[in-house]
Amino acid sequence: MKASKGRNVVVVGTQWGDEGKGKLVDWLTESAQGVVRFQGGHNAGHTLVINGVKTALHLIPSGIMRPGVKCYIGNGVVLSAGKLFEEIEGLEKAGVEVRSRLRVSEACPLILPFHAALDVAREAAREHGGAEKIGTTGRGIGPAYEDKIARRALRVQDLKYPERFAAKLRELLALHNHVLSTFLGSANFQFGDALKPYITGGQVQFEPVFDEAMRHAEMLKPMMADVSRELNEAHAAGANLLFEGAQGTLLDVDHGTYPYVTSSNCVAGNAAAGSGVGPGHLHYILGITKAYCTRVGGGPFPTELDWETPGTPGYHMSTVGAEKGVTTGRSRRCGWFDAALLKRSAQVNGLSGLCITKLDVLDGLRELSLCVGYELDGERIDLLPMGAEEIARCVPIYENIAGWTESTVGVTRYEDLPSNARRYLERIEQVTGVPIAMISTSPDRDHTILMRHPYAAD
């Protein structure tokens, strides 16, 4: 299938993140000239395996691994400049050219050390007070978005004006240090090594934060851009663009399992707001979903299995699927595929097609269970409800489907899959009402079954 020109594709996770978006974005960039991150921060983690070499990315779009592809960090991303340059330097050591191909929106809010301090201290305060932790990564994402919504954030463009930056920084420190000391008891809190250089007596200090920001400013200036303008000009010139979502739909701040969510909108609609490209220019929405479900951190998970006991299906998923977070290293909870959850994701994203990942992880399981709905307070429903409280009361309704013992690793043609694997995929299509466009059969870029190319003309 030949890709058309001037076609834009949005890639989103349909579950709780970790669906394998990085590999598929990398694969799709063969047909794209630009890749855009439009939300989240360095709490995201995308792993690519190319020719057996594993690369983990947190901020830079996955398209950076394709020579000649331009990469953009849109205004919807909250940016830790320090983490960005760590990532750039790591890629450059591996021989990847980054700086000439990366553009960073001047409208990105900055993540600064006091944001991470607030994040860590709040989780500690919740735990100390007996409340369940949200399960944040502790990287300051939520507090940075709070400053953005309150219209007090320091943004990338502020780095060009040191005096203005310094004045706004002092105002922010006065506010956030008050919260840290008065409400969170930061004077008695032991911050980790990464934050210690900025903190004295539980207070974040002006000088180390300002000095570091000014160092980053000089390195960042060549990459600062009006990303919205550049993307619209590229589209007008016939470029194919790929919009790379982070996390997943069920972590969306509005549509996820609130309050066990991230602090941004992870759904496809935010690709427009988070990049400055109008929604009429988004032509295909590809939903990435694992062949089973995983979740990191707290919050309800209707189809969760025992994933710690050897010999159980959940343990098989956890070990064969190597289910540990790219960013945090935390073990992911594992469970059966939830088609009722996917129906919710399909609705809020307007999915055009699905990509099923990690099908190969299910190899060897003789029987699979597919959640097709729930019983909630005595009533049968076929769509995931809104909010954590009702979701926690959902009892999954399963269909049992025969598994397969044959290996699917590396299969690249649909007809070469085991017959039971094909039946499993067909049932997912039937229950969710969304056609499968792609199937991933290993972490390797080339181990992909293409059924409908997202960049092909309709």
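Here the Cβ of each residue, glycine as well, is placed from N, Cα and C on the backbone.
Per Swiss-Prot, the features are:
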- Asp18: active site, proton acceptor (ACT_SITE)
- His46: active site, proton donor (ACT_SITE)
- 17-23, 45-47, Arg332, 358-360, 440-442: GTP binding site (BINDING)
- Asp18, Glu19, Gly20, Lys21, Asn43, Ala44, Gly45, His46, Thr137, Arg151, Gln247, Thr262, Arg330: IMP binding site (BINDING)
- Asp18, Gly45: Mg(2+) binding site (BINDING)
- Val326, Thr327, Thr328, Gly329, Arg330, Ser331, Arg332: substrate binding site (BINDING)
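Each residue contributes its Cα atom, and for Thr47 (GTP binding site) and Gln247 (IMP binding site) these two points are 13 Å apart. Its Cβ taken as reference, Thr137 (IMP binding site) is surrounded by 24 other Cβ atoms within 10 Å in the chains shown.
Straight-line distance linking the Cα atoms of Gln247 (IMP binding site) and Gly17 (GTP binding site), rounded to a whole number, equals 4 Å.
For Lys23 (GTP binding site), the number of other Cβ atoms no farther than 10 Å from its own Cβ, over all displayed protein chains, is 25. All protein chains shown were included, and the count of other CB atoms within 10 Å of the CB of Arg330 (IMP binding site) stands at 13. Other C-beta atoms found within 10 angstroms of the C-beta of Gly17 (GTP binding site) number 29, with every protein chain shown included.
Geometry remark: Gly17 (GTP binding site) versus Arg330 (IMP binding site), CA distance 13 Å. Note on proximity: of the binding-site residues Lys23, Gly329, Ser331, Leu359, Thr441, the one nearest Asn43 (IMP binding site) is Gly329, by Cα distance. Listed in sequence order, there are no same-chain residues at least 6 apart in sequence whose CB falls under 8 Å from the CB of Gly329 (substrate binding site). For the recorded positions Asp18, Gly45, Thr441, a Cα-Cα cutoff of 10 angstroms around Arg332 (substrate binding site) retains Asp18. The CA atom of Gly20 (GTP binding site) is located 10 Å away from the CA atom of Gly45 (IMP binding site).
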